[in-house]
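Straight from TrEMBL, the features:
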TRANSMEM  A:12-33  transmembrane segment
DOMAIN    A:114-324  domain 'ABC transmembrane type-1'
TRANSMEM  A:120-141  transmembrane segment
TRANSMEM  A:153-176  transmembrane segment
TRANSMEM  A:196-217  transmembrane segment
TRANSMEM  A:259-281  transmembrane segment
TRANSMEM  A:301-327  transmembrane segment
Amino acid sequence: MLLYILRRLLNVVVMLLVVATITFGIFFLVPLLQHTDPVMRYIGKNANPVAIAGIKVKLGLDKPVYEQFWLYLKGLVVGRDYANGNDVIHCPAPCFGISTQTQTPVWPTLLHDVTVTGSLAAGAAVLWLVFGVGTGVVSALRKRTAIDRVAMVTALAGVSLPVYFTGLAASALFVYNLGWLQPTNPDVTFTSDPGAWFQGMLLPWITLAFLFAATYARLTRATMLDVLGEDYIRTARAKGLPERTVIGKHAMRSTLTPIMTVFGMDLGGLLGGAILTENVFNLHGLGFDALNGITKNDLPMIMGVTLFAAFFIVMANLIVDLLYAVVDPRVRLA
Amino acid sequence: MTDSQTSTTETTVGGTAPTSFLSVRDLRCHFPTDDGVVKSVDGISFELERGKTLGIVGESGSGKSVTSLSIMGLHRNVGKKNGPRMSGEIWLDGQELIGAGREEVRKLRGQKMAMIFQDPLTAMHPYYTVGQQIIEGYRQHNPQANKKAARDHAIQLLDRVGIPQPDKRVDQHPHEFSGGMRQRAMIAMALANNPSLLIADEPTTALDVTVQAQILDLIRDLQQEFGSSVIIITHDLGVVAELADDILVMYGGKCVEKGPADKIFSEPEHPYTWGLLGSMPRIDRELQERLVPVQGNPPSLINLPNGCAFHPRCPYADRTEGLSKTEVPRLTSVGQDHLAACHLPLEVRQQIFTEEIAPRL
Ligand SMILES: Nc1ncnc2c1ncn2[C@@H]1O[C@H](COP(=O)(O)OP(=O)(O)OP(=O)(O)O)[C@@H](O)[C@H]1O
Ligand code: SF4
Ligand SMILES: [Mg+2]
């Protein structure tokens, strides 16, 4: 087990290195393709050559590519100082670079915004797990009844409707039409006003959760139906176990295991859904940063979000794999 | 999902309690499907005394498993819109099961009656240890037993069914067991509450030939030790040759012959039984001579052939003046406790058997 974990950790490091290399490559390739000098992003078009040269030195852009790459990697691990004489920007580890917009390190912004995305994601995840899995189980047990049909049609809608649509429709209905909720205010935080924060997050949570809950309901239903047909479920009944144990223990155990895998992957890949949801509800999270980075051509910001997201996905997968080895005794750790 | 629909009223199904331990009367189990009603079991009756073994023999699809699942009350959605339709009576130790409430039957399952399934790998939950699966069944019916006692019980059972190092094996998962060991564990699971009726549905089909004999020996030993009644289901008469006191031969959901095992082997009175005897693998036979299956295919249970369901495959069907194709033969007595359903006059059958069949067996 220990060896397995070590090997997987090594794997993680390699994966992250690859992602870092690629993002760094993009940092070089994009300006090359755009025929622009990366320095120009940090400074006005009419800046004088001395200032440009100064910034070049400060950002290390005067050094050869391999050295820049090395400094970039090193910055990620131990942090770095961008210095030109006395003009110093300290970028603590993990240093994801300097934003072209704010001229400050990207990381603190990301760190701040990740809490927004995190709370969006966590709340949505709880919702979609509870409702998605719950609906799937009920549908499977009430196969081909009215409940099942309604649930599956709703789920189909959830899978096929984009977040813009459900999000905007939900806002239009509950905020502007019925007036039950206030529009989400991005400046309200959990600590500043928990009540307002909660009601502001409600629609974003539901919107994001709906997308996933639909997938989970369908997946749970299909898995559960398969499991219910297994011989060992019949064995459980043959032992005289009551139905609640047969379903709640034996069938659920087998149903939840594959769902856990999918959940791990979805958590990692959640960013896609989060970007759109944050955008729809005007939340200032990682998704906002990514979008902002793209529209403002802030390459270090995009690189930061990318690397950060990659880290998330890789870690989520690692955790799922480890958990899987714990839940499914048949998995060989080799 | 819950058992709330259960009725607790006493059974009102006709007939009086029989004296034998298990009595199945005119059992029918029909499955409505899109293609028509599958009459998997269509009027099976038998008696089984305490401590005796009944062998139910028939080829694939003859309704053996459906019969055993009926006794265990394991058919789902019985009586519901698209669910199976069951009728007849099943008396277990004076209690009728078909008319009984689901909850009542559930309490008997795993306690008074238990079942061993064909494929021990798929029949055990992959995520729970063998011990957990035995203990669960034990504690379900002995809630007063504490964890330690239940675990000791499981270890004892594993030991009893011949699993080496039971105190270690108890914590292993089914996939860590070999096929034979897994079937032993399955048997231990079935024996957890010392059931008085043990149904083994093709307990050796999924196993190596060498392991098969060991498992059969084990079942016989356990039966003697525990005094349970046993039903062994198989498509191979050889499996029950030494085990069964009585044998019931099924064809197309019906019983075509039943009687004491020695009679079935020495004086079989149904052409289908002759076919089964001929296809029995025997050690003293040359390999290529063995396993001559009965020619032709099993009948469709949705549209059984008219008359005797076996007539399209029966070499003697044309010796009954057309009766075989038009009239369903009834089970009639052909000796003490021995019944067979065939239109051929008894003397003719006995003559065919002694002259044509017996020399080839
Ligand atoms: N739930 C069901 N719905 C519809 N048909 C069924 C159902 N269960 C069994 N059958 C049908 O009943 C027939 C008898 O099945 P059964 O499993 O009893 O055969 P068997 O004698 O045990 O055969 P095998 O040796 O292959 O196990 C088969 O044709 C099967 O397709
Ligand atoms: S009734 Fe006719 S077809 Fe059926 S077994 Fe007897 S001889 Fe064969
Ligand atoms: Mg069967």
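The first residue you see is number 1, and the count goes up from there.
Placed from the backbone N, Cα and C atoms, the Cβ positions cover glycine too.
All TrEMBL annotations are machine predictions without curation.
Beyond the transmembrane segment (A:120-141), the same-chain residues lying 6 or more positions past its ends with a Cβ under 8 Å from any Cβ of the stretch are 147-148, 151-152, 155, 201, 204-206, 208-225, 228, 247, 252, 255-256, 259, 263, 267, 270, 274, 277-278, 283, 285. Long-range contacts of the transmembrane segment (A:153-176) within its own chain (CB-CB distance under 8 A, at least 6 residues past either end) are made by residues 135, 182-183, 203-204, 206-208, 210-211, 213-215, 217-218, 273, 276-277, 280-281. The list of residues near the transmembrane segment (A:196-217) in space but at least 6 beyond its ends in sequence, with Cβ under 8 angstroms from a Cβ of it, reads 119-121, 123-125, 127-129, 131-133, 135-136, 139, 151-152, 154-159, 161, 163, 166-167, 170-171, 174-175, 181-185, 188-190, 259, 262, 266, 270, 273-274, 277-278, 280-281, 283.
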